[in-house]
């Protein structure tokens, strides 16, 4: 218990922080749940194992360089069992010998002198170092420590200053950039010996001006017009001492950088050598390095590495080729490419000092050789056919030079998206796609902040006309030759506009083109030079140069919907005084609530539940029946009223704990035609807006833009009347993408609703409360009830009324099993707000009160149950 107490510290403003796992909890029950969780228990066990390992180990030096681990193991076996021997393979001057038990270690230390092969060994206890939790190894590009970030941003004068300070906290330091340049120079020198005239180009985060601590070092080995390489001698297994000394990588230069682990300089003494331990201290502000230089040697073989997935190559500009490239490549070229890739891997493995964990990935869409560089702590990859990615990186760098607001916006939105669970690998947005989305947004401002790619191509001078793989990559290299933008909007306004615009863009029904600086409608067809080969999806974002590549083709419908929901919630928050002004009561303000990581419940809140196609009035009526009759919810319809833009702050004027949670209407919807491409109309231009008022006695729990435990405005929206495709009305493209039934629904809507001249209904929202866990054991209870009534699936349950009656009986039985009767005057087990919009027929469920953490289970149940229920009631 004492060890547990030492891992936990109380926070000044309430809550607790687990120093071992770097996790903050809001209260004691949450802390107890964390301490009993798998992650914390694993780290406690790992720390105990590391401590026991240190108590059984000795530090050995003074042996000849040709002595291997087997010889050392044989010598120390005379004192007892030997568990392992870890050698310093780079310099071969020391080793750590782990004995089988503490008694064997004491026997080794009790002997005053040790000798091996005529050389006197220096043996002493292994130094005990403070345990460094692997939990601190956050994903690449992760934000600094939350306390450091909060303190730095809270001291800023305004939101714009916060965004600029965030860039300073996340970008590479000058020493880290110099370190990467030294590694590139080292690679250039080595590869020139094998491929005279080749050039090693860094690309990606290292040069596109959006670098972060710990980002990979992406390299493009440009062989130029080099024909098939001449046979080269077999690369040595490990670099010699002469080659290490002859390399341009100055060990002292590495040692002076904060990113360098302790083994970045040759040890002057055995005491210095012992700094190379199993655990290397790491920081969220420094490049992530392996656990230790020594322990990583056991993982040096490709077989010990996890299999590389082509999705991992899609994170940055490196994934810019056509999807059919590999399939169309002749087998002979594939074989030659694989052989060249193996040759590059052999050179890295045998001739570059400090490189380890080399792995060739020929099956990736862009074949690469992955590597780690121990002295610098960098992870990287080398590709042979990625010239297009190099120009993409230079284009992003040019955009950041054209306007000083680009970098703060991109850094802020990357950090926000990471906290919302929107960016990453697999079906999530890549950092490259998110950056292009920001650039497209800035191109569509009025006046524009950035020029379109077509405009840049026209201004390319002599020597800047470039064509790569048939794509025009021409643009000026010098930003000073271009006129600056006349747009002078502050950073805080641009950030709020981004959230508003993305929340109402038709992501599936249009193609966001950076080359044209506008959204091209998908349904109407596109010119062949813009359309051919491009794979459409829920989010269509065209690469600026490879026009056949949709950089967001991997994004799923659920992620695209969650992106717009999170943007809608953030846009609502950006209209509040909490975003615009520093809090006089010490509360988080400005960027801080936006950058707080979301809890699982808030991520689910932003994940919409797709519903079957049906007229909106029929859909809302069916939802009310399901919640009230089938599930036994106490349900209240939200009311609407109109207020002035500046009126009220959302706090109740009444006493007690009752709060009035407001929901601003979506007022920043894109207009049709030209204005849709320019941005969102009505930003700040309306004097009165709609809001939804829900009188509740609970607080909204950790919505997407709020810090845990902070009350605030409920970020739901009511639909507004507008043109087809806008917020509040389903676009025909959105309905058509659902297949033949979608076309029928589109016709039904046009004839049944719009044809009658009826106004479009606004979004419907309900506050629901549950007193029993009616989602648990429901299938078993239904089966038991069917057996008792002997109706089964073929009886009255097959009708609409019969299905409702059956589900109501199932709910009543589950209430009886849980014990007690429903009493509205008592506090409910769980309360939430359900909201559905006619624009997309997606249901959003937001928790209001969830003291027992049951919302994730309920949300998972509703994802399956509600669509089936609507089909029964149609």
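Numbering starts at 1 and runs along the chain as displayed.
The backbone N, Cα and C atoms fix where each Cβ goes, and this holds for glycine too.
For residue 392 (ATP binding site), the Cβ neighbour count at a 10 Å cut-off comes to 28, with all displayed protein chains included. The ATP binding site annotation in Swiss-Prot covers 205, 392.
Annotation source Swiss-Prot lists Mg(2+) binding site at 216, 218, citing experimental evidence. Residue 216 (Mg(2+) binding site) falls outside any helix or strand according to DSSP and counts as coil. All protein chains included, residue 216 (Mg(2+) binding site) registers 19 other Cβ atoms within 10 Å of its own Cβ.
The UTP binding site feature in Swiss-Prot is assigned to 216, 218, 392, 414, 432, 549.
Residues annotated as domain 'RRM' in Swiss-Prot, with sequence analysis given as evidence: 56-128.
If you look up Swiss-Prot, you'll see 491-549 marked as domain 'PAP-associated', on the strength of sequence analysis.
Residues or ranges marked as region 'Disordered' by Swiss-Prot: 113-146 (among others).
According to Swiss-Prot, the feature region 'Disordered' maps to 252-334 (among others).
Swiss-Prot lists 598-874 with the feature region 'KA1', giving experimental evidence as the kind of evidence. Taken as a whole, the region 'KA1' (598-874) shows an average pLDDT of 61 in this prediction.
Sequence annotations record features per position, and here Swiss-Prot assigns region 'Disordered' to 638-662 (among others).
According to Swiss-Prot, the feature region 'Disordered' maps to 705-761 (among others).
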Spatial neighbour of residue 414 (UTP binding site) that is closest, considering only the binding-site residues 205, 216, 218, 392 and their CA atoms: 205
DSSP-derived class (H/G/I helix, E/B strand, else coil) of residue 549 (UTP binding site): coil
Rounded inter-Cα distance in Å - residue 392 (ATP binding site), residue 432 (UTP binding site): 10
Among 216, 218, 392, 414, 432, 549, the record's UTP binders - longest CA distance, Å: 23
Closest of 205, 432, 549 to residue 216 (Mg(2+) binding site), Cα positions, binding-site residues only: 205
